[in-house]
Amino acid sequence: MAKVNLIESPYSLLQLKGIGPKKIEVLQQLNIHTVEDLVLYLPTRYEDNTVIDLNQAEDQSNVTIEGQVYTAPVVAFFGRNNSKLTVHLMVNNIAVKCIFFNQPYLKKKIELNQTITVKGKWNRVKQEITGNRVFFNSQGTQTQENADVQLEPVYRIKEGIKQKQIRDQIRQALNDVTIHEWLTDELREKYKLETLDFTLNTLHHPKSKEDLLRARRTYAFTELFLFELRMQWLNRLEKSSDEAIEIDYGLDQVKSFIDRLPFELTEAQKSSVNEIFRDLKAPIRMHRLLQGDVGSGKTVVAAICMYALKTAGYQSALMVPTEILAEQHAESLMALFGDSMNVALLTGSVKGKKRKILLEQLENGTIDCLIGTHALIQDDVIFHNVGLVITDEQHRFGVNQRQLLREKGAMTNVLFMTATPIPRTLAISVFGEMDVSSIKQLPKGRKPIITTWAKHEQYDKVLMQMTSELKKGRQAYVICPLIESSEHLEDVQNVVALYESLQQYYGVSRVGLLHGKLSADEKDEVMQKFSNHEIDVLVSTTVVEVGVNVPNATFMMIYDADRFGLSTLHQLRGRVGRSDQQSYCVLIASPKTETGIERMTIMTQTTDGFELSERDLEMRGPGDFFGVKQSGLPDFLVANLVEDYRMLEVARDEAAELIQSGVFFENTYQHLRHFVEENLLHRSFD
């Protein structure tokens, strides 16, 4: 959520009881700078201190019980500075022995006939509880927290502040702030939502699980509604300035180019080309996402579009996330276009006189198509008349980077490409009203990759399988999650150790190493050797995840595969299976969690990237699917795009109705409109 000005406070943080200069420093580390921030600093979870019936309590379970003290507490000391306090409670006519280790100070706080609440582990056989916390009723004189805290909020904190302190300070702030409603009475009544006052007070100090659910539902809807208001308003602004030059491409020339391709387009590719061409002919700027599974042929579709721009007298640009991918795209496009187009490559490695000449040719129109990394968005990169901007693996760039590239031309058409199929849930959130073309069909002759799962102890067997492929003249990838060994992850294989091991097995000259710490020149040299079949086995981190294309590679081993998400595993797997030869992917993993086992099982069951993306989103959540910063998604405090998908659709419909009807711009919504405009509209989530 944004910095809040719909919550007004009569004082600053320093004026709150218990907050001094040192506490301010700690709060600032938690991104709490104002009383408003404090009020919106929501708990990460809740401790359930609800008192239960002992007759229903399971043995060795954590329980909360309430009873009357009927023996005075006794403390016994043992060892060095260790103690054991024993006291007996009567709990609904059941005599319970309570034991507290290393809390001797409780002896002065617990009195005969006093009613107390104890939280701890229950031993049904011995009828005793090993307590870790004790609460006193609200009428008592003790300083500990009250027993009426059934659902206790737990906050993310840092050294220098305690849970009780932040709870007390939030309670104090809530008593004094003025909270303006973010939703209209009409919306709240329509969807049976609570007031923001009730919602915030309940999220911080819930009186019941039912209240907490109602508060969570209201706040989640509010977050989604404000986000969708921003998206709908931005869409309105973009469409109002979306005038574009109609690209009058040479249809006969384009058809001739397609006929000269060394392969036949799939029906899905043809459909995508037609959809894009219709956009190019339209008087408004194209804003389209081209998504396709790994190896589905998105680059060819992009190439046809670039060629069409050339026939109409316009330049095109393609921005990709890595230098390796940029070089590979440039190489493949040069081969496709031949002498018909002047293709240039601009990355961070292009410097000095070479860069100067390239920029001059770009500005005078000599270059038809520019391929590059984020170097394309630098201020001195000036196009002559760019008509199409393509961003490959667009979620790896921030919102601002994509916008800067788009602004290289006054009326530029925009095409986003991704080999990570976007789940529908994220598509409507991140991409709003963007048109989507999908390529779900693989080129003719491609065989599905056979994926198997092996445990670590089966490594030698997998090695024999890989050796068998190498003897056929094929090549192989071996993927590891780490570059170097880690003391925190001792059981995880690292790429350097595995590289050295495979060198001993196959010979030094046959094995190459690729990872993110190598320089661009070193990476290029290794990839060139692998592409030219000067090395048989490439040991790598996930730096090869996207776009690398070596058709002769037919075997992939992914070590410690359970440390990757489904989408990453699928992208890695897509480096093989790029020819008419049968390819194999072996996942080596001994997962210790149910989630890890589930991921391995799913990978062996399907090669459909669209299905995998949905499953990955369900398992990991939207924040981890792309990474919040890369995706353009805000970091919602309560809302969850998977669990609250239906709510997201409702919020989107309501926001769209308000914006499109113009009602949002009337006086009734002045307060909310100013809030969205000042806090959200021009805010980037990069």
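Positions of Cβ are set from backbone N, Cα and C atoms, glycine also.
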Where Swiss-Prot places motif 'DEAH box' among the ranges 140-143, 352-355, 392-395, 484-487: 392-395
Sequence-distant neighbours of GLY295 (ATP binding site) in its chain (C-beta under 8 A, six or more apart): LEU442, PRO443, ARG446, GLY574, GLY577, ARG578
Residue among the binding-site residues GLY292, GLY297 whose Cβ has the most other Cβ atoms within 10 Å: GLY292
Residue with minimal Cβ packing [other Cβ atoms within 10 Å] among the binding-site residues SER296, THR299: THR299
DSSP-assigned states of the region 'Wedge domain' (50-149) in counts, ordered helix, strand, coil: 8 helix, 50 strand, 42 coil
List of residues, in chain order, with Cβ under 8 A from that of ASP293 (ATP binding site) and at least 6 apart: ALA419, PRO421, ILE439, LYS440, LEU442, GLY574, ASP608, GLY609, PHE610
Cβ-centroid neighbourhood (8 Å) of the ATP site, GLY292, ASP293, VAL294, GLY295, SER296, GLY297, LYS298, THR299 excluded: ALA419, ILE439, LEU442
Stretch-averaged pLDDT - the motif 'DEAH box' (392-395): 65
